[in-house]
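J.: Structure below; questions to follow.
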There are 2 protein chains.
Amino acid sequence: MRTPGSRLRDAVLGAPQETERLRRLSLPRRQAMPVFGADGVSSLAYSPDEVVMVLALAGTAALSLAPWVGLLIAVTLLLVIGTYRYNLREVARSGGDFQVVSDRLGPRAGTAAGVSLLFDFVLTAAVSAAAASSYLVTLLPSLAGHRVGICLVIIAVLTAVHLRGIGLIGRLNPVPAYLFVLLVGVLVAVGLAQDAAGTLGPAPSADYGIQPGRQVESVVTGAGLALLVLRAFSSGAVGLTGVESVSNSARFFRRPRARGASQTLLAMGLVSAVFLVAVLHLVRATGAVVVMDPRQLVIDGATAPADLHQMPLLAQVSRAVFGDGLLGALVPIATVLVLLVAPAAAYSGFPVLASAMARRGYLPVHLNARLNRAVYANAVLLLGVAACLVVLAFGAQVNDLIQLYVLGVLFSMSLTQAAVIRTRHRSIRLVLDRLPRKRLIRDQLVTCVGFAATVLGLLIVLVTKLVQGAWVTVLVVVVGTWLCLRIKCHYERVDEELAVRENNPLKALPSRVHAMVVIPRLRLPALRALAYARASRPSSIEALVLNIDETRTHRIRALWDRYEVPVPLTILAAPFRDPVAPVVRHVRRFLKRSPRDVVVVYIPDYVVEHWWQALLHHRLSRRLVRALRREPGVITAVVPWRLGREDGQDVPDPTQTPRVVDGQAPGEPAASETTQTAEGQR
Amino acid sequence: MRTPGSRLRDAVLGAPQETERLRRLSLPRRQAMPVFGADGVSSLAYSPDEVVMVLALAGTAALSLAPWVGLLIAVTLLLVIGTYRYNLREVARSGGDFQVVSDRLGPRAGTAAGVSLLFDFVLTAAVSAAAASSYLVTLLPSLAGHRVGICLVIIAVLTAVHLRGIGLIGRLNPVPAYLFVLLVGVLVAVGLAQDAAGTLGPAPSADYGIQPGRQVESVVTGAGLALLVLRAFSSGAVGLTGVESVSNSARFFRRPRARGASQTLLAMGLVSAVFLVAVLHLVRATGAVVVMDPRQLVIDGATAPADLHQMPLLAQVSRAVFGDGLLGALVPIATVLVLLVAPAAAYSGFPVLASAMARRGYLPVHLNARLNRAVYANAVLLLGVAACLVVLAFGAQVNDLIQLYVLGVLFSMSLTQAAVIRTRHRSIRLVLDRLPRKRLIRDQLVTCVGFAATVLGLLIVLVTKLVQGAWVTVLVVVVGTWLCLRIKCHYERVDEELAVRENNPLKALPSRVHAMVVIPRLRLPALRALAYARASRPSSIEALVLNIDETRTHRIRALWDRYEVPVPLTILAAPFRDPVAPVVRHVRRFLKRSPRDVVVVYIPDYVVEHWWQALLHHRLSRRLVRALRREPGVITAVVPWRLGREDGQDVPDPTQTPRVVDGQAPGEPAASETTQTAEGQR
């Protein structure tokens, strides 16, 4: 079974893994925390930039609002996490958000939640790659102009690595994640100390001027300002992502699962919240700026070119605090590394969610096929391809991708919380003991607050981002949900059609089996097919010869006579030289006369030694099989001849009569260490 | 059988054609002459240019040699045609040059002749398209810069038209061919009259200066001049092509074939020879020039740009004789038309030759498969693709393509003449009658002269063109011949292996047939496979269940017990979830125990209603069939279930015992107007 093809497949997809081992696979908390927490923490690489970019639309003055917006986001994040921890037990018990929502709010809501989460995982991979490419260009400016290419390479490599499964990831990921938290911690501490001591230097972009963006020039007061803050909030809300991946990946935590996931959430939330506010404070203190359109910038009195690469804020702060040397480059390097490991949560969450949806019939079965690999390889590949397509469609600028990003997270979070509220509502009614009832009511209240927060966030994002690009997400979720429901519909119809029922109109076995043997040329494979057909002792048998070439047909008839083959020969007219249609017509005609019979068409087939030899032979057998599959009551039996590997010793004399063996003898029980036989009663 | 796919195929490839009609297909001489003669006559569109281009390398002075080189070519052409007519009977009798050479000089020489002719046909199509694009640009200067694209479109359209077969071509082609001969005849007559009267105007390029090409500056005398004339001759020798297509297309002439082909050759030769000399005379008289590299030209004291479009000479002469108006454009228009019909000979010769080579096993069988079309569609498509590749690789300049062209024609002509000489040599020995013997000796002498002429031409072309590009042709012929011989080798080995021999060690029929039914899930298709397997009354039977999902396996066992299915159930361990390998292993194990038995593996299969539904189902059956094909002694029987089109009425009760039918009853003779049954004796 070790063909070059399968060896290549093993090299790409990893070695086969036993089901039992995979079932027991889970990560200890010290590994799981960095693997699934990295997603949330790594958003520090781009969320400050998103806040500042929106505020910069209103000019330099508005930038002083940045830390306050950061605080708003941090509070929301902690609120969501604080309340989400109360959902974790429910979610982990069902398997994930999709299952919770499906079971409590119905399949439509569940599917919508699933689709938006899937799209979100795709964007996690795309955004992380885009941000990593931005930091890479900061470190190596000569790479500027190749950012889309860099993104595609990163996604390809990540996809290849994640095909190996979570075991490898668990060993790889902790280092960059802990390193990043450590280095940013040092950066923040040193930066704040310098700020207090008054020795904090200016950022590389501190002396850039900002021309206000055209559309907001006149609205910097009152309602305009509030809208701007809301927009900044909704952009910075990418800091909230990561929560959903932890809760969907609970199954990879070692038991007790909910507790491990909960602690991870808390740690991640605290680190992200504190760092976000601190970094935004340092941004204001160092005067660092980034803008959406570089042409807004005035450098040395001139407008900047449109393709200027802007250094991300975290890198700018690092330069300001540690200087331009190696020390200042450490944080950007750690950021690239953490951005490379951040999508691990998406890469493990996507296949788990996709397979859960496929298992329930909302996605193609292939996504639930682990074959003999460690992961649902089809789903991982799908994620990689989808992320590449997103980058190709929307570019490698984090700011462009972010517009699509937050909506799906907040949407699925809201649905999950609604589902949890509903479940608990029922529990509260049923539980009559005072103490547990009280605890349930408390949990319910917390979840309600969280629900309010995510719904509010969702509304803000919808209002401020719909035209910016969130419509793409809405479209994807709507169309995706519709497709999933259609798929479910198909599977249900098939299940309905194929189900075995007690009251099935069970009929007798087919009365007779008629064998037809296609004889393209009178050579050994044809003789073998003939012999095998006869050995199966059909009720009746005939050999089919297509009269494409008169000479050849005559030769077959002559040989037939000489060898005295005891099988009637039917010569089919083929005035158009088509070798398939006459056989199909013949079979149809036969079944019209004897509709209760079964026809078995025996087709001799070559198997070549080398792939290129396949180019030298007709594929008559495949064409026949394909055509006959569509005929009712027809079995196609392919009798292979392996070219160059058969001695022909087993080709039987077609003129002999088969030995009579008692009919319907049960097979000898096939016993070995890997099989067990259960004999049905008769 | 009318699927959308087959309807599309009919639209592209033409409607099915009966074999009998195709066999009788031939063209009356008034149609065949223009169809197959156009190739030779159309070379007038570019052969004068090739002569002048080479001479222009030595500067303006050498141009006066052009008519004399033309005369040399004309004489050679008439000599070759005069002698070739004596070969036609031999060639037409065997079918073509490939067969003649193969039978007389052995398979290697025959294959080499065949391959060089095939390559030559490809170049005929490419060169005609390139020349047509040049005349088109002359007529519509805005098309300049798109010549490669124009060539590809022309080749694509020609390929599509020629897929319809020679019948359509016979009706289409005569008009442009006769029109071209008529118009060029008028042009030559009027031009010569003007020349005699002294009223012949100058050509558009008459006042261009020519800087001698660098490499020949110093060799314009003695040996250098002789070499230049030889080079001009070998370039102009494209005028010789067309002879081989007529002789290879003899089968399309209405009987007597050799006579029709012979008259076509003579007419074509006379027209081409006279026109070539006359046009080259008019070129000298009008002062028209073309050069290989436009930068050789001096226009108004400045060097011309490298991408200058040079007007072909025939168009220049037409302008000089008829003026710049519509009258002067008539000849170029007729030239475009004749160049579009010229490749007809290649398009009919290539498939005939390729199929002849395929029939003898030197090319893949597909090239001999006419399926139900008018032509060997695969070969026509191959010609079109190859011509496109040649244009893409070597550009759309006639001068670049011509370097590859003549060699193959002269090579295959020489081989053919050698083969004819050899045959006749034997005949002369055997024939003792004085009169026929005398005639044979006369024919032999003529052929020897022709052979000498083509070998001399071949040597000249080899010496003068090898580095210019003819090495490509040599490479193609050598590699192509080697490949063809390898293919032949493969087919011979297969024939050897598969041949039915009297003294074959014929053995008894397989002693027992063991049926295995793969049960992926206990649904109706599986039950049907089970019932059909039982209806075929195997010696023994077992059902195979893969234990991929414990729950599902348990459910199948429970149902098995409940329905009391009288077939033993074998549960195969699948610790790696691979559904194929355990089945293959199980089959192998069985056959190791009972090597003389045959195993029939029944595989239930879905056939979906719409193609997109196929994306929603595993292709387990295909994967199993593919894997089991490679196992000796295994028949795979696919039992299809057509989703959405079955009522399940025929799914039999798997618990019933099959009715006993007498074994080995002969089938009822299947009689209808399209079948005839020949019952073998037993």
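Cβ coordinates come from backbone N, Cα and C, glycine included.
Below, the features straight out of TrEMBL:
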| type | residues | note |
| --- | --- | --- |
| COMPBIAS | A:672-682 | compositional bias 'Polar residues' |
| REGION | A:646-682 | region 'Disordered' |
| TRANSMEM | A:51-84 | transmembrane segment |
| TRANSMEM | A:117-138 | transmembrane segment |
| TRANSMEM | A:144-163 | transmembrane segment |
| TRANSMEM | A:175-193 | transmembrane segment |
| TRANSMEM | A:222-243 | transmembrane segment |
| TRANSMEM | A:264-283 | transmembrane segment |
| TRANSMEM | A:329-354 | transmembrane segment |
| TRANSMEM | A:375-396 | transmembrane segment |
| TRANSMEM | A:402-423 | transmembrane segment |
| TRANSMEM | A:444-463 | transmembrane segment |
| TRANSMEM | A:469-485 | transmembrane segment |
J.: Please identify the stretch among A:144-163, A:222-243, A:469-485 with the greatest number of Cβ pairs below 8 Å relative to the transmembrane segment (A:375-396).
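T.: It is A:144-163, which has the most Cβ pairs under 8 Å.
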J.: Excluding the flanking five residues on each side, which residues at least 6 beyond the ends of the transmembrane segment (A:329-354) place their CB within less than 8 Å of a CB in that stretch?
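T.: Counting only partners 6 or more residues beyond its ends, the transmembrane segment (A:329-354) has Cβ contacts under 8 Å with 34-36, 38-39, 41-42, 45, 96-98, 114, 117-118, 120-122, 124-125, 128-129, 131-132, 135-136, 138-139, 154, 158-159, 162, 166, 169, 172-173, 175-177, 179-180, 183-184, 187, 242, 244-246, 248-249, 251-252, 312, 314-315, 318, 322, 363, 367-368, 375-376, 379-380, 382-383.
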J.: Let me check one thing: do the transmembrane segment (A:444-463) and the transmembrane segment (A:222-243) come into contact, meaning three or more Cβ pairs under 8 Å with sequence separation of at least 6?
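T.: When sequence-distant Cβ pairs are counted, the transmembrane segment (A:222-243) touches the transmembrane segment (A:444-463), since at least 3 lie under 8 Å.
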J.: Sequence gap of 6 or more, Cβ distance under 8 Å, 3 or more pairs: do the transmembrane segment (A:469-485) and the transmembrane segment (A:175-193) meet that?
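T.: These two segments do not touch.
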J.: Is it the case that the transmembrane segment (A:222-243) and the transmembrane segment (A:175-193) have 3 or more CB pairs under 8 Å, with pairs at least 6 apart in sequence?
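T.: Answer no, regions not in contact.
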J.: Output the single range from A:51-84, A:117-138, A:175-193 maximising the number of Cβ pairs under 8 Å to the transmembrane segment (A:144-163).
T.: A:117-138
